[in-house]
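The structure appears right after this line, and notes come after that.
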């Protein structure tokens, strides 16, 4: 069951990472202007997570005594940590959507790949994850790739877009990669500091809270930007 869940989650993650940027860029190419709305869509589907959470609860109700089975596994301290990470995720969603609005998908994909560099560095600082020959090689190659791209930023600039907007989109996308590279080890650190068993159901609850607060952050931005009009 564990391997099956891993395969299913990897499959869904692959679809999202490949299809999400393409759909978002398609929206901007055809005249879309709402960056806050685009950032909202990155986590707006979070209620879907409630379905596997419910399945996990039903599974616990059959395998555990009713006295030990709780509707929610998350403790208040862990809830606050997940909420803070969720707000950071909302910030990352916005700056990523801003970058996609200004850059071609190919450029965004290459810059976002540099996230591995930031993840490796922050993982070393936060959770003491050691560098290996594989991670060092990947960090070097991705850094070189982003550097070459940065030296040739004008070649793939979309039509009717100023150089300033393109550079700003480039900087924002790098910022999105750096922030997400910080968020991933921060989630791992949260697991280590949780002081409770990290089960599949608990991980889903943490993800639901993170996405809820990220969506709430983008919803506030939509209100301020009059996106609901």
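Cβ coordinates are placed from backbone N, Cα and C, and glycine is handled just like the others.
TrEMBL does not curate its annotations; it predicts them automatically.
Within the same chain, residues 20, 24, 27-28, 69, 71, 89-90, 93-94, 96-98, 100-101, 199-201, 204-205, 207-208, 210-212, 214-215, 218-219, 221-222, 224-225, 227 sit at least 6 positions outside the transmembrane segment (35-58) and bring their C-beta atoms closer than 8 Å to a C-beta of that stretch. Annotation comment: TrEMBL describes 35-58 (among others) as transmembrane segment.
The feature transmembrane segment is assigned by TrEMBL to 78-97 (among others). Cβ atoms under 8 Å from those of the transmembrane segment (78-97) belong to residues 24, 35-36, 38-40, 42-43, 112, 172-173, 175-176, 179-180, 182-183, 186-187, 190, 193-194, 196, 205-206, 209-218, 221 of the same chain, restricted to positions at least 6 beyond its ends.
The transmembrane segment annotation in TrEMBL covers 103-127 (among others).
Taken from TrEMBL, the feature transmembrane segment applies to 134-154 (among others).
Among the features that TrEMBL reports, transmembrane segment is placed at 166-187 (among others). Long-range Cβ contacts of the transmembrane segment (166-187) within its own chain (Cβ-Cβ under 8 Å, at least 6 residues beyond either end) map to 85, 88-89, 91-92, 95-96, 98-103, 107-108, 111-123, 125-127, 129, 146, 150, 153-154, 157-158, 206, 210.
Positions annotated as transmembrane segment by TrEMBL: 199-224 (among others). Note on the transmembrane segment (199-224): residues 5, 34, 36-37, 39-40, 42-44, 46, 49-50, 52-53, 56-57, 60, 72-74, 78-79, 82-83, 85-87, 89-91, 93-94, 187, 190 of its chain, located 6 or more positions outside it, place their CB under 8 angstroms from a CB of the stretch.
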